[in-house]
């Protein structure tokens, strides 16, 4: 048993390690956040701030995390503790953020599983509105919005009209959440031993599916419109500072920095390993995946916009045909304008009364979304119109599930490795039970997200935990390594590990550029959050302007919780430093009164273990 | 005699024709979109097709109002357009001056909608009775929701996987403990040695020791 403790587990081979890091970095955000940002911020032009952020902020931080984990061979808490006991709080903050993010992230996986389970029906359940009890009409909530919206908000989430109404635990979501956690457990059960095997499938499969989708999507009508719209650069957007801020935050969260997971993974490496090349590989693959994923996504969105446009036009045609009793199919999309002009000239009042819609392809293209909206509303609508919808739906949801699962492994490893390094696991407990306990605890707490108001809570967790605390942690990480550990010492370590001293690019970015960028991004982020009053969009069928979302302010107690969620992980940094300082003072006072030359060593070693 | 009968018939039909007009309270408008439904295989709408329509409507009326023998002549059509659309009214077979009310006609059409549609190779959308909503097809409710079946299959596989994992690790541990008693003595010695010679293997342990100097400096 003792041999196992002193022998650190390690990766079977280099490929496993790289795939795991790539899997952790490449997640759902690459598929549903990056394409949306690309489209909102002027298409091809967005790539410029994105790549600049990658080069100046993403790669240096990534390299630093991989190097420090590999050198010190400890998880996040151990690493920061051994650099300086006062900075141990950084590790604790990382661990807490990892755990909290893992909780809500798995809820998204549960939703993906729910849609996956429902993709094995013909027709797909989100295609048609259900009929009311009298069989006289469709359910009004569904008719007013759309069948995909209804399926997502009512049949999946059963969402309440506001966050104060909690509703009850939705049993089907509890089932899906339990199965998501079982999947996570089965991959995570023995730490990197099992993760290393699982990721062969979960990391490679999404690329396969993306390629299949790419080939399929490019053959759909309207795909070209979507792609042109996505990639047409609009250089004016570069003048907007929000674009640069979003690019910086996107690259930061996309690479999953400051979670402690990357440090944990690299700590299982052999020390003589080229971490510089690893960092470049992981960073570049992550960015490449984002760009590669946006091509089929936007081709499919272009197809959907095209379908909507055709439906709109055909509706207009039908109205004219019926009102003027013109022969069936005499008015087509091509001659519509001629017919319209002719009819308008002869009978303008009649044409007026028909209330014809203005069909503009551009308006339909702009109706994109990010996040869960993209996957569960926009994409599901597009899939209905593709021949063989079930196959595409199944493939899509498996891909999303794999992407999310490999990120979950990283999150949980960022919790497990520090706990193991701190020797907080009782020696009698086998690792399998401990990982099971972590999964069980996370499952129990994340039952909040299965309530009727669960989606609102998930948004809160996403906005307040997965953002600001990470920026703060990353800032402290880089300051600790560069100024407390010492950049020269760090350079020596890297030279020892890789055989080459880091060049001027790494030096410049580590010392000045990256910390400065992080600080600027953090301040800008805080300023922007402070300007916006905390509101959220609620789905309320009784709202006057339904199906538009009702924008409600957060109640006071919810705002307090948001503040707590942001503050608690971060507060551990000063708390731990304070605690260490107090211990140091106590020790100092003790030695002043009892000069015992041997007491120093013993007490110092005791505190260092913690 | 024949002339009189003919005259009466013409009169009757002429009277009926006046009652059939657009927006009549007793009839319905019908719209056919044959080209949309059948594309290249669309048939031309002519007198014969109209006859078939009237016959199928008479059939629907017969089905609904049992006993009354509706004939083709009881279905009166007017205002045919190129669309193809027209209005129709239904007269009672017992008294041609009496019109069947809208509710009965609607109910009859609803009942036999499928049969009328298939006579023309059309659907509810392409053979449209204006203001008669098609009975909304209820989605087929499965006895067990299919998603639960998929869930059961997937979870069964995952559960089996977890059990296999746990059992295999228990078996592995048992094998290790069986092999252990032999090297336990060697272990004790080597353990002591590794602690003392820790520096030789991993420079890492040195890190915590070297930290000591920094600590005292502070």
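Placement of Cβ uses the backbone N, Cα and C atoms for every residue, glycine included.
According to TrEMBL, the protein carries these features:
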type     : residues                                           : note
TRANSMEM : A:15-34                                            : transmembrane segment
BINDING  : A:23, A:25, A:26, A:30, A:254, A:286, A:403, A:407 : Na(+) binding site
TRANSMEM : A:46-68                                            : transmembrane segment
TRANSMEM : A:89-117                                           : transmembrane segment
TRANSMEM : A:171-192                                          : transmembrane segment
TRANSMEM : A:204-231                                          : transmembrane segment
TRANSMEM : A:251-268                                          : transmembrane segment
TRANSMEM : A:280-301                                          : transmembrane segment
TRANSMEM : A:391-412                                          : transmembrane segment
TRANSMEM : A:433-458                                          : transmembrane segment
TRANSMEM : A:464-487                                          : transmembrane segment
TRANSMEM : A:508-528                                          : transmembrane segment
TRANSMEM : A:557-582                                          : transmembrane segment
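Here the features listed in TrEMBL are painted onto the structure.
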residue	record	Cβ within 10 Å
A:23	Na(+) binding site	28
A:25	Na(+) binding site	26
A:26	Na(+) binding site	28
A:30	Na(+) binding site	25
A:254	Na(+) binding site	24
A:286	Na(+) binding site	25
A:403	Na(+) binding site	28
A:407	Na(+) binding site	27
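Here the transmembrane segment (A:204-231) does not touch the transmembrane segment (A:46-68). Their Cβ atoms form fewer than 3 pairs under 8 Å, with each pair 6 or more residues apart. It is A:171-192 that, among the stretches A:15-34, A:171-192, A:251-268, A:280-301, forms the most Cβ pairs under 8 Å with the transmembrane segment (A:89-117). Residues 9-11, 20, 106-107, 109-111, 113-114, 117, 156-157, 198-199, 202, 265, 268, 401, 405, 408-409, 412-413, 416-417, 420, 431-432, 435-436, 439-440, 442-443, 446-447, 449-450, 454 of the same chain sit 6 or more residues outside the transmembrane segment (A:171-192) yet have a Cβ under 8 Å from a Cβ within it. The listed stretches are A:15-34, A:46-68, A:251-268, A:464-487, A:508-528; of these, A:15-34 has the most Cβ pairs under 8 Å to the transmembrane segment (A:280-301). Same-chain residues lying 6 or more positions outside the transmembrane segment (A:464-487) and placing a CB less than 8 Å from one of its CB atoms are 60-61, 64-65, 68, 80, 83-84, 87, 90, 93-94, 97, 100-101, 104, 249, 252-253, 257-259, 507, 510-511, 514-515, 518-519, 521-522, 525-526, 529, 562-563, 565-566, 569-570, 573. Long-range contacts of the transmembrane segment (A:15-34) within the same chain, counting only residues at least 6 positions beyond its ends with a Cβ under 8 Å from a Cβ of the stretch, are 66, 108, 192, 195-196, 199-200, 202-204, 206, 250, 253-256, 261-262, 265-266, 268-269, 278, 281-283, 285-286, 289-291, 293-294, 297, 370-372, 374-375, 399-400, 403-404, 406-407, 409-410. Sitting within 8 Å of the Cβ centre of A:23, A:25, A:26, A:30, A:254, A:286, A:403, A:407, and not among those site residues for Na(+), are the Cβ atoms of A:22, A:24, A:27, A:29, A:256, A:289, A:406.
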